[in-house]
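Here is the structure we will look at, set down as structure tokens.
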Amino acid sequence: LRLNSHCHSCLQPSCFGYPISIFFIVINEFCERFSYYGMRAVLVLYFKYFLNWADSLSTTIYHTFLALCYLTPILGALIADSWLGKFKTIVSLSIVYTIGQTILSISSINDLTDTNRDGTPDHIAVHVVLSVVGLILIALGTGGIKPCVSAFGGDQFSDDQEKQRTRFFSIFYLSINAGSLISTIVTPILRGQECGIHSKQRCYPLAFGVPAALMAVSLMVFIIGSGMYKKVQPQGNIMIEVSKCVGFAIKNRFRHRSKEFPKREHWLDWASEKYSKQLIAQTKMVLKVLFLYIPLPMFWALFDQQGSRWTLQATNMDGNFGAIQIQPDQMQTANSILIIVMVPVVDTVIYPLIKKCGINFTPLRKIAVGMFLASLAFVAAALVQVQVDKTLPVFPAAGQAQIKVINLGSANAAVQFQPGLKNVTVEPHEAVNYMIFKTSELSGVSVMFGNEAANPRMDLLDGKRQTLAVKNVGTTIVAEWLHDNITSKPGEGNNLIRFINNMDQPINVSMAGTHFGSLPSLSASNYTIFSGGSKTITANASSFSCEVSSKTFGFGSAYTIVTNGCSGNSLNTTYVEDVPPNTVHMGWQIPQYFILTCAEVVFSVTGLEFSYSQAPSNMKSVLQAGWLLTVAVGNIIVLIVAGASKLSEQWAEYVLFAALLLVLCFIFAVMAYFYTYVDPNEIEAQLDEDEKKQAKKDKDPEKEGEAVSRM
């Protein structure tokens with residue numbers, strides 16, 4: 001450990017040639033990215049399953065939040081450069097960020113408003129308001145500090161530490177990827193746990209609470225290093241200068257719009273009365289690049305749907321990977337893992353191979369290829385969605401009823417739906433799957449066991465599923481209507497289980513420690529949520545106690561388990577499938593993630609490189625703001641397209657997005673064809689030379705004037 005003599009404003013402790021302060025910044029960034037990506041990974045499922053929002057509303061709010069996260073960096077940069085400075089901006093907005101994460105965590109506590117302790121919030125509006133407030137504060141915090149932290153880290157190095165600064169940025173971006181990767185794995189696991197004071201629910205408070213704690217740690221670590229930082233005073237923001245220059249040029253051009261004023265080479269030249277030639281030339285270069293940005297938001301519109309539509313797609317898929325059970329929101333880690341693998345592969349293998357083939361793979365061509373690949377990824381997602389849709393159950397619409405028949409008896413049951421709509425025969429301990437009837441047409445049901453017949457009363461509910469359980473007891477026919485109360489496929493990889501007691505006495509049933517209470521003979525319990533895997537089922541009565549291991553439950557199924565009796569200590573059960581389990585494997589999402597990650601590598605990395613290479617050194621922040629703005633606009637496009645398309649099929653929406661990006665990819669390719677690459681340093685050097693020549697010319701007439709006056 002030694003003092004860094006290169007720091008002119010302060011004596012900075014250093015280690016291995018690096019200022020110690022940067023270690024605090026790297027740890028701070030890791031914790032902050034863990035906090036952000038961890039919260040974001042489970043967000044859309046929180047909307048769907050806790051706040052009970054529809055898929056479309058969940059997607060809308062998710063992308064509104066992302067758009068806000070990418071709009072606020074401009075605000076953060078302005079505050080840091082023009083008012084508070086980077087250090088104070090990071091601290092103050094991190095406090096806002098931490099408060100936001102804490103509020104979001106509190107909003108997900110089920111027991112907060114569950115006064116009757118039935119397992120569901122009684123005042124969902126309270127949770128919605130808290131969630132929205134928390135998300136707005138998080139968006140202000142994460143967006144506001146985004147442009148400040150990396151720049152603040154760069155400020156810690158002196159001019160002769162260029163090598164260390166470059167390595168710092170590599171470590172900095174590694175900490176971003178490490179934080180996002182680990183959190184995307186961990187928080188879905190935390191969400192999958194069960195917690196609660198009065199009733200056990202999916203543990204969203206823990207899934208949001210850990211990121212909130214990490215954000216508090218991030219803030220504390222950053223403040224601890226306060227005494228070691230080199231703090232550069234605010235020096236104004238170039239974005240404001242550029243905006244003023246553009247504004248003045250437009251206003252001045254409008255003032256001089258009549259034909260008597262001669263035209264100027266470029267509309268920005270109308271700012272020359274007030275602004276320097278250098279600023280105008282630099283602004284021209286920036287606007288030239290920003291013009292190329294116009295088609296780019298569509299890429300982000302597709303890319304950011306990994307956390308919304310693709311995650312919702314995974315909720316209807318099978319996450320059984322052998323020894324590992326993957327949660328729907330954990331599939332996003334595929335992108336984080338693939339990006340770590342693909343960046344070096346593309347840089348060291350793919351690009352050199354393309355070069356060897358004699359192809360001039362320019363940055364703009366790479367960006368166009370990235371857009372094409374993203375479009376291809378959504379075609380792959382559409383193909384997967386078509387297969388998923390085939391496995392989804394059909395639920396009755398208004399004016400319809402779905403009826404399933406279960407035969408609990410010992411002989412064949414013949415069931416007729418009057419008047420002559422359908423006749424079915426059901427074997428003992430078997431079921432006939434749901435049949436759809438128009439409620440206006442169905443007038444009655446008759447049940448026959450051999451020569452015995454019965455006409456059970458009708459108990460139809462419009463737009464609902466129902467089960468008719470029938471049994472022959474001697475010469476008597478018993479028929480019970482059971483209301484199924486399932487309106488959608490179980491989500492989050494869960495299963496719905498209920499029991500029918502087919503014994504001649506009341507029993508107490510429990511499964512995996514969950515008690516269904518006392519079930520009278522020929523009655524059914526309510527459905528209860530269970531995770532996948534095999535469970536132990538126990539049945540108790542006054543005269544016996546027996547148990548059995550259940551079948552292995554998959555993802556997203558619903559079963560009625562009929563308890564038929566005990567053989568010694570073993571329980572005899574029959575399984576009736578009410579909703580089939582997810583059969584399309586989550587592994588089928590890997591191709592679309594792979595293609596989209598390849599698209600990200602050639603699009604995102606190249607885009608930033610190209611922007612920096614085409615911008616003057618003092619204008620890089622303007623292009624960074626423009627780049628972040630394309631992400632924000634991309635998320636707004638999702639809201640507009642999803643809202644305006646009115647497509648009922650999800651696969652069709654994927655195809656629509658793919659088609660829109662393909663069209664914009666073509667437009668971008670045409671724009672790129674006419675773009676001429678520039679060297680900003682060369683242009684700036686030429687401008688400096690012209691200024692010197694002009695200054696010399698201005699001086700020479702003065703000298704001539706002095707000589708004349710002496711004569």
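Yeah, the Cβs are placed from backbone N, Cα and C, and that goes for glycine too.
According to TrEMBL, the protein has these features:
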| type | residues | note |
| --- | --- | --- |
| TRANSMEM | 34-54 | transmembrane segment |
| TRANSMEM | 60-80 | transmembrane segment |
| TRANSMEM | 87-104 | transmembrane segment |
| TRANSMEM | 124-145 | transmembrane segment |
| TRANSMEM | 166-186 | transmembrane segment |
| TRANSMEM | 206-229 | transmembrane segment |
| TRANSMEM | 285-303 | transmembrane segment |
| TRANSMEM | 337-354 | transmembrane segment |
| TRANSMEM | 366-386 | transmembrane segment |
| TRANSMEM | 622-642 | transmembrane segment |
| TRANSMEM | 654-675 | transmembrane segment |
| REGION | 689-711 | region 'Disordered' |
| COMPBIAS | 690-711 | compositional bias 'Basic and acidic residues' |
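Counting Cβ pairs closer than 8 Å and at least 6 residues apart in sequence, the transmembrane segment (285-303) and the transmembrane segment (60-80) reach fewer than three and form no contact. In summary, the transmembrane segment (206-229) does not lie against the transmembrane segment (654-675): fewer than three C-beta pairs, each 6 or more positions apart in sequence, are under 8 Å.
Beyond the ends of the transmembrane segment (366-386), by six or more residues, the same chain brings 295-296, 298-299, 302-303, 309-310, 313, 584, 588-589, 591-593, 595-596, 598-604, 606-607, 610, 650-652, 654-655, 657-659, 661-662, 664-665, 668-669, 672 to within a C-beta distance below 8 angstroms of the stretch.
Counted as Cβ pairs under 8 Å, contacts with the transmembrane segment (87-104) are highest for 124-145 among 60-80, 124-145, 654-675. Outside the transmembrane segment (60-80) by six or more residues, the chain places 43-44, 47, 53, 86, 89-90, 93, 135-136, 138-140, 142-148, 151, 234, 237, 239-240, 304, 307-308, 621, 625, 628-629, 631-633, 635-636, 638-639, 642-643 with a CB less than 8 A from a CB of the stretch.
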